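As C-alpha cells, the structure follows; a few thoughts come after it.
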Amino acid sequence: MSEPVLMDRFARKVDYLRMSVTDRCDFRCVYCMAEEMTFLPRQQILSLEEILQVAERFVALGTRKIRLTGGEPLVRSGVVGLCEKIAALPGLRELCMTTNGSQLDKLAAPLFKAGVTRLNISLDSLDPQRFRELTRTGDLHKVIAGIDAANAAGFVHTKLNCVVMHGRNDHEINDLLAFAIDRNLDVSFIEEMPLGIISEHSRAESFYSSDQVRERIAERYTLVPSTDSTQGPSRYWRLAEAPGIRIGFISPHSHNFCGTCNRVRLTVEGRLLLCLGNEHSVDLKAVLRANPGQPEKLEKAIIDAMQIKPWSHNFTHDDGVQVVRFMNMTGG
C-alpha cells in the first residue's frame with residue numbers, strides 16, 4: 001500500500017509543514033518585526049488543540065517533517081506538551097523547532113524528552129552590544145547558555161541560523177563559524193527576507209549574498225561541496241578543517257529554492273500560507289471552527305489548497321516590500 005502524498009499543480013511533493021505557535025516574542029529583531037509590535041488577541045489565534053488537529057491531518061496526508069516556529073515558540077504556555085503529542089503522531093519522522101534560544105537553558109531537556117528531534121537557534125552576533133542592537137532586547141549570554149543546554153540535553157546537529165547584513169554583522173561570519181566548530185554545531189547563513197516594513201536599515205544597502213558569505217569563509221576555511229539535505233531550503237557545504245559540521249546557505253535572492261519547494265506554513269491565526277513570498281493562503285481556522293469533529297473537511301481543505309501553491313516568490317533585495325506581513329506573523 002503506497003503512502004499518501006500531497007502534491008501541488010507543478011508535481012512538487014509537499015511533505016514539510018512549518019507551524020507557528022505564536023506571533024509573540026521576547027526579542028524584537030530588526031529584520032523580523034517593528035519595535036512597537038502589536039500582537040494578536042488570544043481569541044484570534046489557534047488553540048494548542050487546533051494546532052494539533054492540523055498536524056494530525058497533515059501527517060495523515062504524508063507530511064514527514066514538522067517545524068514549530070513563532071514568534072518565539074517557547075514563550076507559548078503548553079508548547080512542550082504540544083511537542084510531545086505531535087512527536088507521537090504515527091508516520092512523522094522529524095519534529096524540529098526554530099527558537100531564539102532565550103528559554104533553552106530551562107527548556108532544552110524537556111523538549112528533548114518530549115520528542116523534539118532537532119533545534120535551529122538564531123544567532124546573528126557574538127558581540128553582546130551588537131547582539132542587543134540587532135535583537136533590541138536580547139541577552140547574548142543567556143542564548144549561549146541555551147545553546148550549551150541543548151548540547152547537554154542530547155540534541156545533535158543543532159543548527160545556528162545567522163541572517164547576514166552588510167555593515168552590521170558581515171565581519172563576524174568567520175567568528176560565528178569558529179563558534180559553531182567549537183560546539184559541534186551546524187550553521188546556516190541566510191539572505192535577509194523582504195517581509196514587513198522595517199526602519200532600522202535599508203535592505204538595499206544591507207543585502208549580503210550567499211556568494212559573498214562563501215568568499216568571506218574562504219579567507220579562513222576550505223569549503224567542500226556536499227550533497228547533504230535536511231529537506232529544507234538550505235544548500236549545504238562542509239569544511240575541510242571541520243568535516244563533522246554542515247554549513248548551509250539559504251539564498252532566496254541569489255539562488256532561489258522555489259523549484260524544489262516541498263513546504264507550506266501555518267500561521268498562528270490558522271492561515272495556511274502556500275508560499276513565504278506570496279499571499280496565496282487558505283483559512284484553516286475557519287474550516288476547523290465551522291466543522292468540529294469532522295477531520296475529513298479539514299483534510300479536503302488542505303488537499304484543495306495545494307492547487308493554489310504558486311511556482312515561486314518574487315523577492316528582490318531593493319527597499320521595496322514584496323510582502324507586508326512581518327516574519328513573526330508569517331512563522332520564522
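Counting begins at 1 with the first residue displayed.
Using N, Cα and C of the backbone, Cβ positions are placed for all residues, glycine too.
Copied over from Swiss-Prot, here are the features:
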| type | residues | note |
| --- | --- | --- |
| DOMAIN | 9-220 | domain 'Radical SAM core' |
| BINDING | ARG18, ARG67, THR98, LYS159, ARG263, VAL264, ARG265 | GTP binding site |
| BINDING | CYS25, CYS29, CYS32 | [4Fe-4S] cluster 1 binding site |
| BINDING | TYR31, GLY71, SER122, MET193 | S-adenosyl-L-methionine binding site |
| BINDING | CYS258, CYS261, CYS275 | [4Fe-4S] cluster 2 binding site |
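Sequence features, as recorded in Swiss-Prot, placed on the structure.
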residue	record	DSSP class
ARG18	GTP binding site	strand
CYS25	[4Fe-4S] cluster 1 binding site	coil
CYS32	[4Fe-4S] cluster 1 binding site	coil
ARG67	GTP binding site	strand
MET193	S-adenosyl-L-methionine binding site	coil
CYS261	[4Fe-4S] cluster 2 binding site	coil
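Of all Cβ atoms in the shown protein chains, 28 besides its own fall within 10 Å of the Cβ of CYS32 ([4Fe-4S] cluster 1 binding site). The two recorded residues VAL264 (GTP binding site) and GLY71 (S-adenosyl-L-methionine binding site) have their Cα atoms spaced 17 Å from each other. The number of other CB atoms found within 10 A of the CB of ARG18 (GTP binding site), across every protein chain shown, is 22.
Considering only the binding-site residues CYS25, LYS159, ARG265, TYR31 (S-adenosyl-L-methionine binding site) has CYS25 as its nearest partner by CA-CA distance. For CYS261 ([4Fe-4S] cluster 2 binding site), the nearest neighbour among the binding-site residues CYS25, CYS29, ARG67, GLY71, SER122, judged by Cα separation, is ARG67. Comparing Cα positions, ARG265 (GTP binding site) lies closest to GLY71 out of the binding-site residues CYS29, CYS32, GLY71, SER122, MET193. THR98 (GTP binding site) has its Cα within 10 Å of the Cα of none of the binding-site residues CYS29, CYS32, CYS275.
Only MET193, from the binding-site residues ARG18, MET193, ARG263, CYS275, place their Cα within 10 Å of the Cα belonging to CYS32 ([4Fe-4S] cluster 1 binding site). Note: the CA-CA distance between SER122 (S-adenosyl-L-methionine binding site) and LYS159 (GTP binding site) rounds to 8 Å. Neighbour counts of Cβ atoms within 10 Å were compared for the binding-site residues VAL264, CYS275, and the top value is held by VAL264.
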